[in-house]
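> Input: one structure, supplied below.
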Amino acid sequence: FRDVHIQLLLSFGLLVAFLSRNGPGSAAIIILITAFSIQWAVLIQGMLHFFLNGKIYVGAQSMVSADFCTAAVLISTGALLGRVSPVQMLLLALLEVTLCALNEFILLSLMGVSDRGGSLTIHTFGAYFGLMVSRVLYQPHKDKRKREEQQDKGHQKDAFAVVGTIYLWIFWPSFTSTATVHHDAKNWAVLNSYFSLVASTMSTFILSPVLYEESTPRMVQIQDATLAGIAVMGMAGEMLLTPFGALIAGFLVGLISPLGFKFFTPVLHSKLKIQDTCGVHNTHGLPGVLGALLGTLLTLLATADTFGYRLELVFPLVAQGSRTVTDQAFTQLSALPLTLLLATLGGCITG
């Protein structure tokens, strides 16, 4: 819980501190959004998950769940920073926490989807919710001002990105594994997360000189690769990915993120009229979708021989015999369009 909480306040706060005209003041707004979202998430999730005998029961599990829901809100704000007021962000948090908790309840409790690291419930939902709000709030005159601000704050931007990236490296594995299986020393989510992290960072160093004129990637690009490398592990992290599979997944998503910034982000701006301030589509949205697809493939390998006793902990319905591996894989896959639907509709209404 401590690592997850530090991740919310320090990593997200530092990563967005350069993205607003307020400079470091935007980190204070992140703390405001975090404080509000946690309280609202405890109530909404409590009524859905922790309600018994007319009372909401709180504990470590409910606090971690509230932090997860808050992370989705902070991801959404990354697409909007500098273009909405703190009061508007509070309204966004009020509505998004409600829908995020509902999406989580449908996926995890009703459908029996395994997504404890949040590829769908955190990264995908938060990214596409924020992008849809951004589309509704499209303001053409903001583009020129934003470019001028980024030029003025280039050095400050890298300084914040350095510290933020280091915090991401330290605390992301805890973030992806805190709700997963902890019954022995081999925590697959931690191991897979670290392998994905190192591979995504390496691929960024390889690809950046090809895409850009600089011989060495800027720190912001490494930060984006770090985010993408972990987002892809949200669903698949606790499954039998193996070190080789985690390295391959991290390497590929580390290529997709900078390619998205180079080629897809301009399309979002010019064709779809979506202003993505923080690039959440390339660091959370696409990696989250890829993580869901990877988790679906790995679900097909979920047998008692490969997973051992973990099968009952990761896929309890499969272990009990009430659901086949194929049925579970289809359920994992169907959770993706459902999440996208709720995120886009919710973002449109909120916008």
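Positions of Cβ are set from backbone N, Cα and C atoms, glycine also.
Feature annotation from TrEMBL assigns domain 'Ammonium transporter AmtB-like' to 3-350. Residues annotated as transmembrane segment in TrEMBL: 6-22, 29-52, 64-82, 89-114, 120-138, 159-181, 247-268, 289-309, 329-349.
What's the neighbourhood like for these features in this structure?
Residues 8-9, 12-13, 16, 20, 22, 58, 61-63, 65-67, 69-70, 73-74, 77, 86, 89-90, 93-94, 97-98, 100-102, 104-105, 109 of the same chain sit 6 or more residues outside the transmembrane segment (29-52) yet have a Cβ under 8 Å from a Cβ within it.
Within the chain carrying the transmembrane segment (64-82), a Cβ under 8 angstroms from the stretch's Cβ atoms is held by residues 1, 4-5, 7-8, 12, 15-16, 19-21, 26, 30, 33-34, 37-38, 41-42, 44-45, 49, 89, 92-93, 96-97, 100-101, 104, 118, 121-123, 125-127, 129-131, 133-134, 137, 142, 146, 149, 175, 178-179, 274-281, 284, 347, all 6 or more beyond its ends.
Residues of the same chain lying 6 or more positions beyond the ends of the transmembrane segment (159-181) and with a Cβ under 8 Å from any Cβ of it are 1, 3-4, 6-7, 10-11, 14-15, 17-18, 64-65, 68, 71, 116-118, 187-190, 193-194, 197, 218-220, 222-223, 226-227, 230, 233-234, 237-238, 310, 313-314.
Same-chain neighbours of the transmembrane segment (247-268): 131, 195-204, 207-208, 211-212, 221, 224-225, 227-229, 231-233, 236, 241, 274, 276, 279, 281-283, 286-287, 290, 294, counting only residues six or more beyond its ends whose CB sits under 8 Å from a CB of the stretch.
Within its own chain, the transmembrane segment (329-349) has Cβ neighbours under 8 Å at 76, 95-96, 99, 102-103, 106-107, 111-115, 120-121, 124-133, 135-136, 235, 289, 292-293, 295-297, 299-300, 323, counting only residues six or more beyond its boundaries.
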> What mean pLDDT score does the domain 'Ammonium transporter AmtB-like' (3-350) have in the model?
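Result for the domain 'Ammonium transporter AmtB-like' (3-350): average pLDDT 84.
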